[in-house]
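Down below is the structure, laid out as structure tokens.
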């Protein structure tokens, strides 16, 4: 039996699967961004945050998926040192921004449901743009801390990463210096961000549920329908992140499967969940021509290099 031929065939199949997956992620989230920008009926802060989240999902997937897809057809799976550092930085940057955005979206739902008469005043355009900016700044601080800790490590070789993209835990495994303190700080950084954001989300929805006890059945139904899609996305994103980053700096065989879930599956499910559970989104998906309204916000795009210095082990 020619194992090389079988391996090559499997890699080609994986190439097609992940290419289709990445294409669906980009198209699905881009449709949400375009729909919010072109539809006058989706001008509320909730949809502004949703379009920002969809843009971040595109960027987040683009930090790992293109390299993974190209490696399926490459004989030598390699990435440069600076390419690896860039991948770590932007993965944690966009991941951190997504966590903060999900927290901001929970606050938006809290104000909309618990303080409806003051919603337009509290969540005005300037406040929304400021909150998105804070999410970006929070993601930058988180990723900068991770990358600064990585630069304190020493790598003696062989520099072969047992993962399909560069991340802090696989890089810790490669280091030949003492990694206990640095690993503890890395896990504390990622784990603290995940736990604090998740706890804030839980408190927000606990307050919302308590407030809904005094509402009519129709009001409860509409509020829960609005929040249901957000809760589903939060569960899909934070579950894998807490599993990876809220434990000692050890690597498990299942980590790569979990990483595929939160870097590939979750960004694909987000537009599906929001579109199917939201009546206004389903109605606006008809792309009725209208005046394009550009939301205020700022984003970054990932960078990469091509000089092969660090090898990858595939899935």
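Every residue gets a Cβ built from N, Cα and C, even glycine.
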Checklist line | Annotated transmembrane segment segment (source TrEMBL; candidates 157-176, 257-276) | finding: 257-276
Item checked: Non-local residues, at least 6 beyond the ends, that sit with Cβ under 8 Å of the transmembrane segment (180-211) -> 92, 96, 99-100, 102-103, 106-107, 109-110, 113-114, 142, 145-146, 149-150, 152-153, 168-169, 172, 223, 227, 231, 234, 238, 241-242, 244-249
Margin query: Below 8 Å between Cβ atoms, which of the listed ranges 15-36, 89-107, 223-245, 257-276 makes the most pairs with the transmembrane segment (127-151)?
Written below: 89-107
Notebook entry, point to check: When each of 15-36, 89-107, 257-276 is checked against the transmembrane segment (223-245) for Cβ pairs under 8 Å, which one has the most?
Noted result: 257-276
Note to self: Cβ under 8 Å, sequence separation of at least 6 from the ends of the transmembrane segment (89-107): give me the contacting residues as numbers and ranges.
What the structure shows: 46, 49-50, 52-53, 56-57, 59-60, 63-64, 131-132, 134-136, 138-144, 146-147, 165-168, 190, 193-194, 197, 200-201, 204-205, 230, 233-234, 237-238, 241, 263, 300, 302-303
